[in-house]
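Here is the structure we will look at, set down as structure tokens.
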Amino acid sequence: MSDDSEDSDQPYKIENFQKLKYLREDVNRKMRDERRKFLDQLCPLIRDWEDQLPNLRDIFQPHEIDTLLSDSITYGRNDDRDLIVDFVAKSGYKDEPVVGQDDKPLSRRTTAVHLAARHECLGVVESLFEIYNRFDVNCTDEAGLTHFHVACMTGCEDVVEKFLEIGQVDPNLLVPKTGDSPLHLALAEAHEDVAELLLRSGANPNLANAERSTPLHIVCQNEEGDGDFLKKFFDLTHEKYKPMQVDAADKLGRTALHLALEHEHEREVELLLRNGADPNRANAEGLTPLHIVCLTEWGDVQFANMLFEFGHEKYKPIRVDVADALGRTALHLAIERMADEVAELLLKNGVDPNRANAEGSTPLHIACKSDYGDDIPLKMLFERSDERFKPIRIDARDKLGRTPLHYAVRAKRIKEVAELLLRAGADQNSTDVDGLTPLHFICKRNETADDSEDIDLAKMLFEVCDDMQRTVRVNARDKLGNTALHYALNWSSKEMVELLLRRGGDPNLANAEALTPLHITCQRYHSDDFVKLFFDISDELGRLVQVDAKDSKGRTPLQLAVANLLPKTVGVLLDRGADLSSFVFPDESCFGATIPSEEYDWLDGELKEASGALAITEHLENKGYALSPSDVLTIMKFFAQRRFFAQSGEYKEQWYDGEEFDTKGREIMINPSLSLYDFIYSRPEGAARLLMYTDYYELANSEKLWKLREDYCGACFEHLCQIPTRRFFRRWALEFFLELIRYQLPILCCDMIVENLSNDDLWRICLAATGQSSKIVEEVKLMQRMLVEDDDMILIIANNHSAY
């Protein structure tokens, strides 16, 4: 570069220098905010600095540079931090130790090196050591962390070597708070070269930190785990520290072998075993290395083989029956984790297949609890177990009194497991602490089960027992007095109920609440056709069903069927002779109370429930039962609470006008002589007479209306719900109205009045007549006075009614 060019650059250099000097003079170093502002102003200047870097001592005092570096670590952003440290290092600045009264450098001092370690800004440490390059002084902060510690944890091998060469540091100096030695720190960050340097310099491999972890623990849980460094670790250990403490346990009771197995480090496991690691040592949870093998995903048989093969002679034979804190042996865990090869190896080495854990579960219980396994573990337990443990305790009971067969049928996924147990002699009638047999378990269907799985299991149970000439106690009762039939009626399908009845299930056995199977049938929402099957099969088998049995609350099946809105069931019970003379209609707290609220959210929900309730009244009245005012009000309150008689306003009034409804409506036949189209277009008073309440119920529960487009469906269901409810309200409101006005008006007049009232008003009339509301009473009395005082009005109403 020419002299001219150098001269032209000089003003720029002077300008940068002056700017830096000005920034330095403008900051109050006692104010933290001003120091932060200084960093923000300094970084752009440094970033654009392209010429020769200045001698920082010409601008700053040493303590100011020390503060600048510390602030960059504490307050600076990542890029700014790197920029400032790099700028200072490249400027050639070297820190000078603070000298004490004896003219010796002070080691008690917190520097940017310490702060970088504390703030995990490890990327700048190497550059900081170019600045803080005195290795005859090991600066120590207030917590006892030294420059030497930081060099070890950041892998600054050259720095570590210089410290060690000068000989002013102890390779076993601990960090007071954590108890970590330099070797711990180096290994924790996988700086193997630094660790090797420390070992060669006499670092103690047996020192434990505050967590009682030794360097060996750290080596065995590092991610690499290829075994190369562990071999070197053993080779480099100083003679005075041999033999190495391979079985040292941390605070969790884990040895290096536990950790190597947890991380599946094959070569490290072998090296530890060859160097005397105890394969039977248990951690704080009672887990031995064998347990750990079984807890790894799928259980690696290679590791289990290594424990048996390379275990030191003084530890042989391996203790295979050690139980952890939960009473589990390695076999429990191997079967639970579906580690079949490990389980087989354990059995070959004499593990006890009958050993129970803290819950009383044997390995056989565990095998039968699996929802996703197969029958391999069972076959293995039966075939591979040591002769001294045979026969396997097939009916062992856990703390709940359950045998493996209970769990096999509850899992329901692998029928072969239950069959294998039965053919091996499992007790088909064993009961748990609640008195539940395997058959109860099959019939107590869980929500995820499939009907066909339940039925297949039940059939298999009966067929295998038939083959073996053993009897299944179909009518066994649990502690609540329930038989399998009680549970089947609650949860299962018709096919299961039929199977149990044909296998001897008693249709009249009552449980502790005096509920018979017939009572249970009449409590089942969504199962309005179960009762017919129940009677038909009982008839076929010549069993008389007690139709009027009463439960502990005095309720008959008929009362339950009415309360649960099961019109078909009510009809069958009445046809079967259910006694109406003592029948008590359910009160409002029971009527329809068991129906899930979400049922009303479906488009057809309101029509199903409303028509169901009305169809029940039809059945009762057809058999001679007279509804009382109280019965009627119970039904009306049920409708009112659910707003069955109110129009939602969601659909337009003439929703059925349109070509699509004309076509579909004519295709949908309510009965052989009446289409949906003809019914919808019939006059209101005529429509009410065209169908019985039971017809509405049949229509609601058919799939016919779903042939309409969805918006037509909603409007159609709502419209159809209005017709029977209106008919019911009008009929009974007329009677209540006459009673309310004490029969002072002709029926025709009252009928005309009632006809023009809304369902809400009709409902209020019924309440007023029974003294439950006064809101409409004054209106009714005013209407009554007007009509009584005006004979002509009565005549007009009468004439209009007859003409109408």
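Heads up, the Cβ atoms here are built off N, Cα and C, so glycines get one too.
Annotated features in TrEMBL:
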REPEAT    178-210  repeat 'ANK'
REPEAT    252-284  repeat 'ANK'
REPEAT    326-358  repeat 'ANK'
REPEAT    400-433  repeat 'ANK'
REPEAT    480-512  repeat 'ANK'
REPEAT    553-581  repeat 'ANK'
Count up the helix, strand and coil residues in the repeat 'ANK' (178-210) according to DSSP, in that order.
16 helix, 0 strand, 17 coil
Any residues 6+ beyond the ends of the repeat 'ANK' (326-358) with a Cβ under 8 Å from its own?
286, 288, 290-291, 293-295, 297-301, 304-305, 308, 317-318, 320, 364, 366-367, 370, 372-373, 376-377, 380-381, 384-386, 389, 392-393, 396, 398
Counting each residue once, how many in the repeat 'ANK' (400-433) are helix, strand and coil under DSSP?
17 helix, 0 strand, 17 coil
DSSP helix/strand/coil residue counts for the repeat 'ANK' (480-512):
17 helix, 0 strand, 16 coil
Using a Cβ cut-off under 8 Å, which residues of the same chain at least 6 positions beyond either end of the repeat 'ANK' (480-512) come close to it?
434-435, 437, 439-440, 442-445, 451, 454-455, 458-459, 462, 472, 474, 518, 520-521, 523-524, 530, 533-534, 537-538, 541, 543-546, 549, 551
